[in-house]
Amino acid sequence: MIDIQLLRKDIDSVAARLAGRKFKLDVAAFNALEAERKQIQSSTEDLQNKRNTLSKQIGALKGKGEDTSAVMAEVAGIGDELKASAARLDIVQAKISEFMLSIPNLPHESVPVGTDEAGNVELRKVGTPRSFDFEIRDHVDVGAALGLDFDVAAKITGSRFSVMKGGIARLHRALAQFMLDTHTAEHGYTECYTPYIVNADSLQGTGQLPKFEADLFAVKKGGQEGEGEALYLIPTAEVPLTNIVRDEIVAGDALPIRMTAHSPCFRSEAGSYGRDTRGMIRQHQFDKVEMVQVVHPEKSYEALDEMCGHAENILKKLGLPYRVITLCTGDMGFGATKTYDLEVWLPAQNTYREISSVSNCEAFQARRMQARFRNAQGKPESVHTLNGSGLAVGRTLVAVLENYQQADGSVTIPEVLHPYMGGLQRLTPQA
């Protein structure tokens with residue numbers, strides 16, 4: 001969440017910045033809650049002062065041997081009033097907390113202003129799209145002859161799922177292993193294995209809850225309906241990785257913390273009805289290698305550029321043409337202050353499609369998680385958190401299938417993946 005002191009000091013300025021994100025801050029509602037909070041706290045202080053004064057009177061009366069029953073009764077009554085005030089304050093504080101959790105992060109001053117993806121700014125293009133001397137086929141047609149099957153997946157589960165068999169399944173696995181090895185050996189990340197099911201506190205910490213519950217898959221525990229707390233399938237490994245530091249105070253010299261994980265991701269794709277219904281671009285279940293960094297606040301934008309470079313390195317090694325864009329204010333994710341999207345060239349679509357999103361969240365997630373470090377003065381201070389795809393495995397497979405397809409229906413395997421494929425250099429159509 002954003003710093004509440006910013007609202008208390010200059011709420012109109014905050015509202016103006018949020019307007020660039022297409023978010024209308026309810027200034028009147030916040031001011032009303034703040035006024036109620038101040039009134040309760042002021043009356044509480046008055047009651048506490050009155051109780052202290054009366055307590056001193058009781059001591060003086062006892063010293064004189066006089067009757068204290070009336071004053072003690074008054075003190076008891078004040079105690080009841082204080083309990084009622086505390087209960088009222090808890091209710092108001094809960095409303096303020098709920099209000100704060102609904103507010104997206106403030107965009108960094110360097111982020112271009114825009115209402116949607118049309119306002120995004122291209123930073124660079126890397127690699128030249130290949131020229132084909134035969135009719136280009138999309139990954140669905142190429143993959144069908146190599147063991148990619150959507151019909152069987154639909155029978156097993158439903159739409160937006162896939163089954164892979166044989167060489168294409170191995171290629172999918174090879175991509176994930178290659179990404180992990182690159183991030184750990186070359187980029188300094190620690191590989192992690194995390195739960196694929198998380199609690200609501202974890203999702204609130206990274207910003208998916210309470211606002212985006214419709215995008216999640218909730219888990220119903222067999223035979224335990226109604227028992228315990230709600231659990232959810234992870235929409236990204238960002239959630240468990242980032243929550244490793246929830247409710248922690250880490251040593252300043254332990255920063256930066258770099259973590260990576262390969263996991264399945266599960267998304268309901270609410271609001272995506274009718275979009276990318278063909279193929280693997282938008283599925284309910286997909287694999288991703290995630291990068292997360294927990295850094296000193298002064299280092300987070302340096303880390304953002306570094307992480308973008310780490311994701312780019314994967315694409316360069318695979319020989320896939322791509323571009324980097326800076327998202328505008330109206331197209332950024334809820335928790336981000338600045339985001340770079342990497343888009344890979346898909347020849348069958350004749351366009352670039354997102355394959356990675358790398359974001360700096362500054363202290364937005366850290367405040368929600370109470371994730372802190374000890375600064376040079378030894379005082380706890382919020383860390384900054386960053387996350388990024390390094391990369392989405394399924395979409396990378398799509399890009400390899402389309403960019404490396406051959407006229408005979410085979411797919412040449414990028415050289416960097418040969419060691420992961422047992423030396424296999426080409427996938428050929430299955431008989």
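If you go along the chain as it appears here, the first residue is 1 and each next one adds 1.
For all residues, glycine too, the Cβ spot is worked out from N, Cα and C.
The annotation L-serine binding site is assigned in Swiss-Prot to THR236, ALA237, GLU238, GLU290, SER389. The ATP binding site annotation in Swiss-Prot covers ARG267, SER268, GLU269, GLU354, ILE355, SER356, SER357.
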- prompt: Are there any residues in the same chain, six or more apart in sequence, whose C-beta is under 8 angstroms from the C-beta of ARG267 (ATP binding site), and if so which?
  reply: ASP215, LEU216, PHE217, PRO235, HIS284
- prompt: Listed L-serine-binding residues THR236, ALA237, GLU238, GLU290, SER389 - what's their greatest C-alpha to C-alpha distance in Å?
  reply: 9
Message: So the record assigns ARG267, SER268, GLU269, GLU354, ILE355, SER356, SER357 to ATP. If I measure every Cα pair among those residues, what is the longest distance in angstrom, as a whole number?
response: 19
- prompt: SER268 (ATP binding site) to GLU290 (L-serine binding site): how many Å between their Cα atoms?
  reply: 19
Query: Tell me, by DSSP, whether THR236 (L-serine binding site) is helix, strand or coil?
result: coil
Field: Residues flanking the L-serine site, with Cβ no more than 8 Å from the Cβ centroid of THR236, ALA237, GLU238, GLU290, SER389 and excluding those residues themselves
entry: VAL239, LEU241, ALA261, SER263, CYS265, LYS288, VAL289, MET291, VAL292, ASN387, GLY388
- request: Have a look at the binding-site residues GLU269, GLU354, SER356 and say which one has the shortest Cα distance to ALA237 (L-serine binding site).
  value: SER356
Residue among the binding-site residues SER268, SER357 whose Cβ has the most other Cβ atoms within 10 Å: SER357
